[in-house]
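Visitor: Sharing a structure, written as structure tokens. Questions coming.
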Amino acid sequence: MADEEGPTVELRQRKKLKSSENKESVKEEKISDTPIPERAPKRSHMTFSQHVSLDSFGCGSFKVFLVFSDLDSSEEYWSDVLFQRFAKIFIGCLAAVTSGMMYALYLSAYHERKFWFSNRQELEREITFQGDSAIYYSYYKDMLKAPSFERGVYELTHNNKTVSLKTINAVQQMSLYPELIASVLYQATGSNEIIEPVYFYIGIVFGLQGIYVTALFVTSWLMSGTWLAGMLTVAWFIINRVDTTRIEYSIPLRENWALPYFACQIAALTGYLKSNLNTYGERFCYLLMSASTYTFMMMWEYSHYLLFLQAISLFLLDSFSLEQSDKVHEVYKIYIFSLFLGYLLQFENSALLVSPLLSLVVALMLAKCLQLNVKKGTFIAKIMKVINFYLVCTLTVTLNIIMKMFVPHRENGHMLKFLEVKFGLNMTKNFTMNWLLCQESLQAPSQDFFLRLTQSSLLPFYILVLIICFLSMMQVIFRRIGGKSLKETITLEDGRIGGRPEIIYHVIHTILLGSLAMVIEGLKYLWTPYVCMLAAFGVCSPELWMTLFKWLRLRTVHPVLLALILSMAVPTIIGLSLWKEFFPRLMTELMELQEFYDPDTVELMTWIKRQAPVAAVFAGSPQLMGAIKLCTGWMVTSLPLYNDDDLLKRNENVVCEEGDKLTYSKYGRFCHEVKINYSPYVNYFTRVYWNRSYFVYKINTVISFQS
């Protein structure tokens, strides 16, 4: 009611009205009893009503009726609204970028303190690269030594200086695209005059880790609507970094180059699936998703398996009609484009053609073409959904079998055999399979893993959030199956967080990743970052608390108000407790001066560079062979890589002969027998170097090994 003393604002809580009722709602406003003149002057006090949602303020979906008595007042109001939204986005983006930069700087400082990297000689720095990491960095060095980029690429694609009696395409076999890009950037930017190659190399990886946590920050922010969730995500990620990343143990791993792009892809997909996204935002998310998907596929040879799990999640999302099918099928097109482009640029990598991802996407496309237009909610529509689901599963398996029959491939056959043995579907005495089963990263997670997640309060809140979102999702699905109509636009008062398509996708995806992580500990590095993001989103989301209160039928306190309070109070309390308990530990880690001391390895590498013949070839454990290749450049018999059957066979032959059984043997271990000069080994081998950790033997070429 506007009177002579000034305008008054009336706040009335309303249920969300349908679009057809918006016009009628204006009639319910209180109108001044003062008669309206026939012609109002330019600056007359005109009374009008504006219908505003508090969603833009992060406060849910209250409906506010604002009555203004002056045009200038309305303009000032909307200016304030736009300023507040801009400030919110600006502060959130600033916090996301700052979090990523601080994490990258933290990794750099921790790495320096751990290895005293700046005070080491080049050989001592290279020894810190262990196993397959040493192989990757050695090829980066080779690219920098090459007279030109073209010549360097040719030498890597026709490499006969790494593994004896074998010419390999190292770029394709070891996914060396990160090293190619890093070498180009190092020389093109003139960094060779400013920074040493090793610092530039590890700096890029640390920078990508900063992008990684920034993408997780943005994803949690998009889901919850508040950047406070992003801050909590980053805090949990860093505190649990032993279980979220392997960057501290092995910097150049392919996953450390690839997963930041996958995190960016997930952030873009989250925004793309949101129902209230405008055209420009949708287009931006689509382009970002396309670029990050392809880059992710180029960086890691196992990327298509992870995208396969993502495609399954989207397929289930589409099957329950929880999102427009056209939107999901646009994502399938990105998969196909990335697969075929990757196939062409990865030297016709046949593993991509026989990948389950391609078979699934093609099956989905075919099923869509065969799908009939049936009215939703009818019994026939439900039957067609079941038939479509069965058709997709059958076509996927059939297409994959056909592709493997007609496309020559060597697509990680040992992985499938390993999974069969791991799940008890097959028994084998094969050395390689049993050796893989003994690897710690391929075992089931230990109790310490769950204890660490619980001590940081991450696991309890993740379970709570997952249960609420999953039950709400099932509630929505059963309502749709029952033919009940649901509102397309979900408000805070509805208490239906399981109706949002991006939430459904993340719930399905985290369940799939979690199921695999419960079997193979190495996969926890894919699942635990997801746990951080999902838990932080849930405790910061008013919709999640409102969904819980809706089930509990809370009456004593207004549920919307309580949900808003808890969505800020709970993460604040968690953040303060984490700061009090873990921040001093992080600072202590940066203050402690650790020392990487390995004089025996340094002595061995120095002896090889000075005393070993140029044509010498070294055999030994795969982990040591990687270090020898990097530090000396000498040829080796095998490499610490698990994606090549021939190299795996070479590793096996170093240990045992073909046909040997993994049972008790009357012969002693060769390494022990040869050290004590036990006959007849002394006739075949001559010790040429030894120290406390290593023994080097030369094969006597005069003696024949023939019986």
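The chain as shown is numbered from 1 upward.
Even glycines carry a Cβ here, placed using N, Cα and C.
Keep in mind that TrEMBL annotations are predicted by a computer and have not been checked by a curator.
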Visitor: With TrEMBL as the source, identify the stretch among 296-318, 526-548 annotated transmembrane segment.
Guide: 526-548
Visitor: Near the transmembrane segment (387-407), which residues from the same chain, at least 6 beyond its ends, have a CB less than 8 A from one of its CBs?
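Guide: Cβ under 8 Å, 6 or more out: 315, 319, 350, 353-354, 356, 358-360, 362-364, 366-367, 370-371.
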Visitor: Please indicate, using numbers and ranges, the residues of the same chain that are 6 or more beyond the transmembrane segment (221-239) and have a C-beta under 8 Å from a C-beta there.
Guide: 55, 58, 88, 91-92, 95-96, 99, 103, 106, 213, 267, 270-271, 274, 456, 458, 502-503, 506, 529, 531-533, 535-541, 567-568, 571-572, 574-575, 578-579, 582, 586
Visitor: Six or more residues beyond either end and a Cβ under 8 Å away: which residues meet both conditions relative to the transmembrane segment (503-520)?
Guide: 223, 269-270, 273, 309-310, 312-314, 316-317, 320, 322-323, 422-423, 441-445, 466, 469-470, 473, 497, 526-528, 530-531, 534
